[in-house]
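Record features (TrEMBL):
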BINDING   13, 173, 174, 215, 216, 217, 218, 219, 220, 221  ATP binding site
BINDING   53, 141, 153  substrate binding site
DOMAIN    276-357  domain 'PUA'
Ligand SMILES: Nc1ncnc2c1ncn2[C@@H]1O[C@H](COP(=O)(O)OP(=O)(O)O)[C@@H](O)[C@H]1O
Ligand SMILES: N[C@@H](CCC(=O)OP(=O)(O)O)C(=O)O
């Protein structure tokens, strides 16, 4: 599928029904096979982050809560808190058996919508992946309130893909893709292999979760596809109802993303007003053109009073060359101008980011 081995960074989202049996136990054998796939890909150099659902389903069973723990927000939050610790334990154990370190990240909608927190989460993800750790991510259900919840991990996976600068997202579900209608209720529904225009398929999803365990359903997967492809990242919906789903070719639906660069550019530029500018020398301008991050050594001066996470333009000798998100506020950026990365800690007195604008958060114009 698309094929995932071609993505240097891949986000794999796993729905509740794949992780948890109806009796409330973890589907360990299946998960062991999936983790073996992850280990094989990691050994080949691919970086994989997992978005794992299942905390509520697992916790509800342990606490004996009705309606899968979804009778009330309080129940769901108690179930999530109880299930999450068990879920993390299983992931850590199975990944360790393959010689891999697991890292848990629990995030709320706010964490990825607020620029500064988004950048922090992105930096953490980036570091974990570069350290060959497997991040296991879920929504922080036990603290997120109803208004601010993602409520489904499909869209969370798409946002995580943006934050990680991933090249692909796979949503593993109990269904092998999008059909013209819900295949469980409409026998005439036919499978769709590829989607280029999301508006054309938006009406095909039933409300709610087919398995009754998750919360998203197909509608949230289509919403996730809109977010991912809008950021230039292709997304596939594939069945996890097979052993070794990441190494077995199988039918799936691929939402294609065209014009990656301009989609990213649109995402960065969309709705945001630049708060300042960083002027760079010709060497830095050339490095940006080759897809590198903006290092302080090539920066000459700044304009504006931006803070960390604000959109800034990057001005080369011949005019504006890029837009990106500042890793430091204006005062700290000014102190770092022209200085080598090794000196940053001594100048600022705190652990520095390596770049003024990271390439994952930079769009060339
Ligand atoms: N057009 C559609 N094509 C495929 N599945 C659909 C469609 N509309 C609704 N569904 C339902 O969506 C379900 C997948 O969503 P869900 O159960 O929430 O999975 P997950 O737990 O993997 O997020 C399918 O099993 C199916 O019942
Ligand atoms: N954060 C929730 C998962 C919510 C969710 O999206 O579930 P699913 O539709 O099965 O992927 C949990 O861990 O139970």
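Glycine is treated like the rest: Cβ placed from N, Cα and C.
Just so you know, TrEMBL annotations are computer predictions that nobody has curated.
Among the binding-site residues 13, 53, 141, 153, 174, 220, the ones whose Cβ sits under 6 Å from an atom of ligand 2 are, in sequence order, 53, 141, 153. Looking just at the domain 'PUA' (276-357), the mean pLDDT is 89. For the binding-site residues 141, 174, the ranking by surrounding Cβ atoms (within 10 Å, all protein chains) places 141 first. With helix defined as DSSP H, G or I and strand as E or B, the domain 'PUA' (276-357) counts 26 helix, 26 strand, 30 coil. Straight-line distance linking the Cα atoms of residue 220 (ATP binding site) and residue 153 (substrate binding site), rounded to a whole number, equals 8 Å. With a cut-off of 6 Å between Cβ and the nearest atom of ligand 1, the binding-site residues 13, 174, 218 reduce to 174, 218. If you draw a 10 Å sphere around the CB of residue 218 (ATP binding site), it holds 25 other CB atoms from the protein chains shown. Residue 53 (substrate binding site) falls within neither a helix nor a strand when secondary structure is assigned with DSSP, and so counts as coil. Counting only the Cα atoms, the space from residue 153 (substrate binding site) to residue 13 (ATP binding site) is about 7 angstrom. Here residue 141 (substrate binding site) is compared against the binding-site residues 13, 174, 218, and the shortest C-alpha distance is to 13.
Rounded to a whole value, the Cα-Cα separation of residue 174 (ATP binding site) and residue 53 (substrate binding site) is 13 Å. Rounded to the nearest whole angstrom, the C-alpha distance between residue 218 (ATP binding site) and residue 53 (substrate binding site) is 15.
Geometry remark: residue 13 (ATP binding site) versus residue 53 (substrate binding site), CA distance 8 Å.
Put simply, the two farthest-apart Cα atoms among 53, 141, 153, the recorded binders of substrate, are 11 Å from each other.
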